Amino acid sequence: MRKGKNNRLVLLGIALVSMVVLLCLISFIYLPHDPNNMNTLDRLHRPSGEYFLGTDQFGRDILSRIMVSTRYALLVGLVSVSVGASIGVVIGSIGGIAKGVLQSVIMRIIDGFMAFPGMLLALMLVAVTGKGLWNSVLAIAIFMIPTYARLAYSLVIDQKNELYIKAAKSYGATPLRIIGKHILPSMLPKLITQFSSSIGGAILLESSLSFLGLGVQPPNASLGLMLSESRQFTLSYPYLAIPSGIVLVIAILGFNLIGDALNDYTVGRRTSA
Amino acid sequence: MVKYTINRLLSGVVVLFVISWITFFVLTVIPGDAALLSLGTDATPERLEALRESMGLNQPWYERYFSWLTHFLAGDWGNSLFFGEEVLTLIMQRLMITVSLAVFSLLLAIPVAAIIGILSAIYQDKWIDRLARTVMQLGDAIPQFWLALIFLVFFSGKLGWFPVPGFIPVEEGWWRSIQSLLLPSIVVAIGLVGYLIRIIRSSMLSALEQDFMLMTRVNGLSSAQAVFKYALRSAVIAPVTTILMQLAGLLAGTVLVESIFALPGVGRLLLVAVEQRDVILLQGTVMFITGVVVCVNFLADILYRVINPMIQFGGERNA
């Protein structure tokens, strides 16, 4: 029964993520209007046949802007998590195979980073990298490093004393080969699980930074920025605040659900083995 | 216990030391020139040089680090470049608002999370459990700033249940002051509920699986008696420590809400520091918040150890 429920949640997650990906792909082929075109005659136009989700205070088409925004959301999610995860895994693996002082130094620094509340670390990193799309990608990538370093470290420590690793060592495999050929593949399920949840987190973080004016810069469209730009107008024109928020929730929820389901799956497989 | 406390204290000090190093390194060594970072590229060379001199940027980084750390420990956190006032004073002026916000939201979140969490553990896989899991998932996925925006438009704007955004100081009346913090607290609380349900639910589930729960039934207690007298007592420990840690984390977790509701708290100060690239203010605020987080985590850990053995061995001691 649990298995069936789990499958349904995975399907829901995949469906939600597909919706966002589809929106993003369509945006490259077809946009109803130019997302950055300010049409002052049509400002704050309520949803209609011409403007499916209405227009904002500059007369820009909201649907087109949301479609373009999904590009940034997915881009930031995928790129920052991939970069952060790769660097984190390398650092964590080095921490895992290193001995003595090097190991303690690496792990204490990771512990230090983990002690920062999430938003604080993100803000501190943005203060250094600066505003803008790529700077926030960089900040979020650095933000992700400690989590993956910790995960990789604990997985390497777990595997280090397994018999098959000792066997590999005994016939003279180098540490690099052991990591690449034996330990890394065994890490993959856990890493993929973490990856999916992190993308949800990264999208949330990007939208929060953009909302605060620290991420994607105007006139470009980002889901967080759109909500922040329309702030003064939402009281009289509530339609401005609804669609971009819903797309954001769909994207984050989708990746989180897939991550959770994968997590249950990998944990379950481990206990049954 | 004493040995554990000392060990834990030492590792806490090490973490604080590492944090101070990270903060210093990230904010003043990596950007290359903290003076340029603070003043921007259009600053005059004289001003840059003066700031460099006052920040001690012309010395090697390790000397700067130790001089900064010793001043910091002595309570001299420097003057904010943007406000021109002492960093510590600026933080203290704003601390009350953020702490009130954090406490109010926890007071709102705990009862709701406790009821849903406990019931969802007792009635696992029933409708209340499904509700709890939905709340947890949505709590993780709904951006706080969006919720804040919607609530502001709906409850404050359309229905007029809450005052317009902005903080009303205590001097203008206790009730009005609390009212101005109520809607932001509700928004923060909703974000916390999902997280707290998760902790309470899993803690309660593991308590219900304990052997002593079977014994209570064997001894003839009704299931309600068993839950209230034994399971709850053993399930309460993990959430208590988590709540303490959450409280500390909220010092930085209210940035978005403070910004939307125009509350002049620590979160807003942090945001100003980031926007203005006020390195000195940022250093102080970051160190303050992480310092509180590490200290509270330490206390929560010790507290956990103090409560835990009593519950585990309490029965034997009484016998």
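If you go along the chain as it appears here, the first residue is 1 and each next one adds 1.
Including glycine, each Cβ sits where the backbone N, Cα and C put it.
No curator has checked TrEMBL annotations; they are predicted automatically.
As the structure is a computational prediction, the values presented were derived from the model and not from experiment.
Here TrEMBL flags B:9-30 (among others) as transmembrane segment.
If you look up TrEMBL, you'll see B:95-123 (among others) marked as transmembrane segment. Using a Cβ-Cβ cut-off under 8 Å and counting only residues 6 or more beyond its ends in the same chain, the transmembrane segment (B:95-123) has close neighbours at 129, 131-133, 135, 167, 178, 181-182, 184-190, 192-193, 196-202, 204-205, 208, 227, 232, 235, 239, 243, 246-247, 250-251, 254, 257-258, 263-267.
Under the heading domain 'ABC transmembrane type-1', TrEMBL lists B:95-304.
Here TrEMBL flags B:144-161 (among others) as transmembrane segment.
Taken from TrEMBL, the feature transmembrane segment applies to B:181-200 (among others).
Same-chain residues lying 6+ beyond the ends of the transmembrane segment (B:243-267) with a Cβ under 8 Å from its Cβ atoms: 91, 94-95, 97-99, 101-103, 105-106, 110, 144-145, 148-149, 152, 165-167, 180-181, 183-184, 187-188, 192, 195-196, 285, 288-289, 292-293, 295-297, 299-300, 303. Marked as transmembrane segment by TrEMBL: B:243-267 (among others).
Feature annotation from TrEMBL assigns transmembrane segment to B:279-300 (among others). Distant neighbours of the transmembrane segment (B:279-300): 8-9, 12, 15-16, 19-20, 23-24, 27-28, 34, 37-38, 55, 68, 72, 77-83, 87-88, 90-91, 240-242, 244-245, 247-249, 251-252, 266, 269-270, 272-273; these residues of the same chain sit at least 6 beyond its ends, with a Cβ under 8 Å from one of its Cβ atoms.
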Query = Any residues 6+ beyond the ends of the transmembrane segment (B:181-200) with a Cβ under 8 Å from its own?
reply = 97, 100-102, 104-106, 108-110, 112-114, 116-118, 120-121, 132, 135-140, 142, 144, 147-148, 151-152, 155-156, 162, 167, 235, 238-239, 242-243, 246, 250, 253-254, 257-258, 260-261, 263
